[in-house]
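According to TrEMBL, the protein has these features:
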ACT_SITE  E168  active site, proton donor
ACT_SITE  D313  active site
ACT_SITE  E417  active site, proton donor
ACT_SITE  E436  active site
SIGNAL    1-22  signal peptide
Amino acid sequence: MKIPTLLWILSFSSILPYPVYSSRFSCSIDKNVNLKSNSLLDKIHDNYSIFLQTPGGYSKKYGTFSDDMRLKMKDEARKMFQFGYDNYLKYAFPKDELNPILCCGRGPDYDNPSNININDVLGDYSLTLIDALDTLAIMGNSSEFKRAVSLIIDNVSFDTDNTVQVFEANIRILGSLLSGHLLINATNQPFGNLKPVGYNNELLHLAHELASRLLPAFENTSTGLPYPRVNLRHGVPPDVSTHTCTAGAGSLLLEFGMLSRLIGDPVYEGVARRAVKALWKLRSKNTGLLGNVIDVQSGEWVGQMSGVGAGLDSFYEYLLKSYILFGDKGDYLMFNETYHTIKRYMRKGRAHCNHGYGEHPLYVNVNMIDGSTLTLWIDSLQAAFAGVQVLTGDIEEAICAHALYYSIWRRFGALPERFNWQRVSPDLAFYPLRPELIESTYLLYQATKNPFYLHVGQEIIESLNKYSKAK
């Protein structure tokens with residue numbers, strides 16, 4: 001998932017506000033968990049060992065990252081963004097996104113309403129432009145930020161007959177509008193003066209309008225969980241599915257909570273918080289784990305897989321970040337309990353990352369009822385978990401988890417959508433430009449200041465330019 005700037009800003013506050021939780025616990029290994037020794041796992045070990053070495057070979061390769069190289073890679077990242085942004089405006093605006101193969105704009109698939117891969121995300125609201133606001137600010141392009149705000153004010157309307165996914169509209173549109181508004185009004189102006197001439201809180205008004213059009217998703221469900229999709233003009237469609245993933249229903253609190261505080265209306269935070277509490281009450285009585293898919297009407301778990309990746313990932317993330325942002329201790333208590341439950345049932349391998357018996361640790365997908373291993377694959381979204389571990393202060397575990405996904409990236413030049421840790425090969429080989437590993441890399445650098453993570457960032461930039469840029 002993409003993280004809006006209001007979350008990104010959090011990482012500049014107290015990065016380690018909590019004590020480091022010990023990862024030294026007894027950990028048994030399921031009989032079907034067997035990470036065979038091979039070059040990939042040797043590379044994982046090498047990546048982790050970097051942090052335990054005395055100066056020597058490590059220093060020669062990773063111990064430094066020159067200012068000249070840092071500025072060079074910073075400029076390269078800026079060029080990459082500018083290339084995509086400029087071509088979106090040239091060939092696609094006001095459509096939602098640019099089709100890089102056909103070099104034209106793309107919006108909802110009106111000919112095939114059931115095409116949720118497209119229609120969940122694209123809603124004819126200039127998605128890419130709104131999504132790019134915070135990046136324009138971070139890149140230091142205040143003049144283009146102001147122009148983009150004006151384009152949004154003049155062109156974007158949410159009064160459209162489009163059915164979108166509540167989760168996607170929330171994290172990408174609502175989050176970006178709120179982030180843009182907060183950056184404009186930031187008293188310390190961390191990215192300079194971003195306020196367009198005559199700005200009168202229009203981004204906040206648009207955010208309020210969008211959230212109001214998402215509210216019907218929370219109505220008429222016996223559990224308090226939102227429907228996964230809503231029509232922006234007509235509300236919940238009569239044929240909408242009642243099945244939603246845990247992350248989709250439980251990852252709304254940051255944006256809805258911030259909106260409530262900015263406009264002084266508790267309704268939005270109230271419905272988001274009610275959904276979180278509903279999910280929490282429905283966790284397994286045997287293990288304390290949550291499943292990945294639930295029926296919003298019956299409260300029955302349709303999918304009983306529990307993990308730290310697809311379908312669940314941002315639920316944990318939002319509990320912790322909600323505590324950081326709003327200071328609600330109840331959010332942290334829920335996170336803390338579920339984090340220890342995750343480590344008890346999902347963490348496989350040796351107790352210590354870099355020594356002892358057993359295989360390199362990883363977090364596997366398990367059955368929520370009894371904690372037994374359910375799949376032999378991990379997915380690319382799980383790479384975000386290392387960043388969550390940084391924010392909760394579990395740095396040793398974060399380094400360990402990150403090393404696994406970075407090693408997979410190095411092997412393929414990208415993260416496959418699913419990686420089979422038993423066969424040590426991809427189950428799903430595509431990579432939809434997910435940023436989770438990048439965010440975890442950034443957070444680990446902020447926490448450790450270890451130049452190794454700048455080298456990782458450089459490798460990721462080079463891989464993206466080499467493999468993902470259309471010719």
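Indices start at 1 and increase along the chain as displayed.
From the backbone N, Cα and C atoms, a Cβ is placed for every residue, glycine too.
No curator has checked TrEMBL annotations; they are predicted automatically.
A straight line from the CA of E417 (active site, proton donor) to the CA of E168 (active site, proton donor) spans 19 Å. The DSSP secondary structure for E417 (active site, proton donor) is coil. Taking CA atoms as the reference points, E168 (active site, proton donor) and E436 (active site) are 16 Å apart. Cα-Cα distance from D313 (active site) to E436 (active site): 10 Å (rounded to the nearest whole number).
Of all the active-site residues listed here (E168, D313, E417, E436), the one with the fewest other CB atoms within 10 A of its own CB is E417. E168 (active site, proton donor) carries a helical DSSP state (H, G or I).
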